Amino acid sequence: MKTVVFAYHDMGCLGIEALLSAGYEISAIFTHTDNPGEKAFYGSVARLAAERGIPVYAPDNVNHPLWMERIAQLSPEVIFSFYYRHLICDEILQLAPRGAFNLHGSLLPKYRGRAPLNWVLVNGETETGVTLHRMVKRADAGAIVAQLRVAIAPDDIAITLHHKLCHAARQLLEQTLPAIKHGNILEIAQRENEATCFGRRTPDDSFLEWHKPASVLHNMVRAVADPWPGAFSYVGNQKFTVWSSRVHPHASKAQPGSVISVAPLLIACGDGALEIVTGQAGDGITMQGSQLAQTLGLVQGSRLNSQPACAARRRTRVLILGVNGFIGNHLTERLLREDHYEVYGLDIGSDAISRFMNHPHFHFVEGDISIHSEWIEYHVKKCDVVLPLVAIATPIEYTRNPLRVFELDFEENLRIIRYCVKYRKRIIFPSTSEVYGMCSDKYFDEDHSNLIVGPVNKPRWIYSVSKQLLDRVIWAYGEKEGLQFTLFRPFNWMGPRLDNLNAARIGSSRAITQLILNLVEGSPIKLIDGGKQKRCFTDIRDGIEALYRIIENAGNRCDGEIINIGNPENEASIEELGEMLLASFEKHPLRHYFPPFAGFRVVESSSYYGKGYQDVEHRKPSIRNARRCLNWEPKIDMQETIDETLDFFLRTVDLTDKPS
């Protein structure tokens, strides 16, 4: 049976050997070039392929049409992936009539995603395994063909568990590959309600946070022990690595991070104490704990820290342009909740952020981004992270004021992007779900979905196209000039402080605010073209938590990424949104202050938005990038969001002259 193989690492080598032993004909192997910054303790797929006389390739993007065409010419009957690090597009998977199969290092549906070997140790699991599953468009989500369980011993570290998993994988493939070859397999669908997903780990993720329990820190040490980069901490600005450790149930009143003793080297934790058995100072040699203490100049009572002392003293400076807006004010609240951010903001108003004005780490200037260019350039240069959130983002304005939309949303933001390039500052740019336009995919995918808009004589697309072009400009600056960026695409975020009722009175607001105004004033709820258009509504708290994690950027996982932030489970039509809102309104304690419900009224989009409007029937996000990069899932049910949004707006209404 002819196959094309995607493989890397030891698992890739043993997968290839297993295929050859089972009588498969391997037409080509796709692998990766080795990362010079990664310790290569594993077998070389490229070398094995060369020794076996099999063509081998390592393209930067195997999903490029040219590579897709070359793979199609190979006419594979079946495709296998063994620890290949890039997602393979559905078009390639469909080339094999017998399907595509992937070997994953966990007991799916648990631990989907990257680095499951390390994550199970970090989380203190006592069992893991290997899974062979059918490949589908969503990573690690296809039906399970075979699994083999592997026990995790208390003394297992990453390398010993790796060897166990390789042994199990070899057994699994020996048992299963002949069955696939003869079409004699039983597939079991994964239970989505049991799925967990974890993102890529980097060396920077392995710092030891001493306020955590000793058992948690010991698991971290196990998870990244040599040949992985190791768990680390600091004495002042001196970094050191912990290669092995033991947990002590030591009852101590010492502050977490304090040295309890130096022989053995025992560190107080949030619960218990951690003995550093072996470690390494800087780029030095490995030594026992007591010698490490001497090398680092530690004595009883010394304090360790999770980051360099110089870094601990300086807060990250975040510049938010449009800080008074819906996202801006909620994000400010989230950042100021932590003690390591300094927020600088600019906006033309301050009503939503008045609650922060006396905060010592919040700095606000009232102004217009089209006028205060010198202030903006200075603060881009001064700050570490830039979020240009200023935009006209209400549909009626796209047809009412298309040139103003272009001038503000595109031209003013392009200038800010160029400042970030000039001063080499990280930009987190708000793209939009609107860029997908009339895409027909079931789930809108950041990396694969086409961006489809209407003709030029439909000005409603000027916002979508302005944002899309900025996305492309930012991407190009990242590729060609090293701009550090992340693009995030909100999908119908809603919650308190979304627009205001005055904006709704002139039609310049989002859907839920307009519907609330209709209820408050006793006017009919207008359903544009029947209100059958479906959207996925996302609670602002879920959205802001994802955005906060992008700013945190653990392990730089968000660099160069496009991330949808939405809740695919909260899909509803505008009509259904109106009905849910009405039900919440009718049982609200302030209901008696407002007029009777005036009913629903169907109106044509052209009469409401004006000439040149087109709508989109559905807009559902794929959130695999958010899961992978942020370890994020939306949690808040749509009804809860509706109730809280309605309550906020009803309590902003002056009730003094309303009937009781």
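Even glycines carry a Cβ here, placed using N, Cα and C.
For the NAD(+) site, Swiss-Prot records Asp368, Ile369, and the single candidate of Asp347, Asp351, Asp384 listed with them is Asp347. Swiss-Prot lists His86, Leu87, Ile88, Val136, Lys137, Arg138, Ala139, Asp140 as (6R)-10-formyltetrahydrofolate-binding residues, and of the candidates Arg52, Arg70, Arg114, Arg170 the one it assigns to that same site is Arg114.
Cα of Asn102 (site 'Transition state stabilizer') to Cα of Lys526 (UDP-alpha-D-glucuronate binding site): a span of 50 Å. Mean model confidence of the region 'Formyltransferase ArnAFT' (1-304) amounts to 94 (pLDDT, 0 to 100 scale). Put simply, of the recorded positions Asp529, Lys532, Arg619, the one whose Cα is nearest the Cα of Val136 ((6R)-10-formyltetrahydrofolate binding site) is Arg619.
Spatially, by CA atoms, the binding-site residues Ala393, Ser433, Lys532 include one closest to Arg619 (active site, proton donor), and that is Ser433. When Cα-Cα distances from Ala393 (UDP-alpha-D-glucuronate binding site) are compared across the recorded positions Ile88, His104, Glu434, the shortest belongs to Glu434. Cα separation, Glu434 (active site, proton acceptor) to Arg535 (UDP-alpha-D-glucuronate binding site), rounded: 11 Å. Cα to Cα, Arg138 ((6R)-10-formyltetrahydrofolate binding site) and Lys526 (UDP-alpha-D-glucuronate binding site) are separated by 38 Å.
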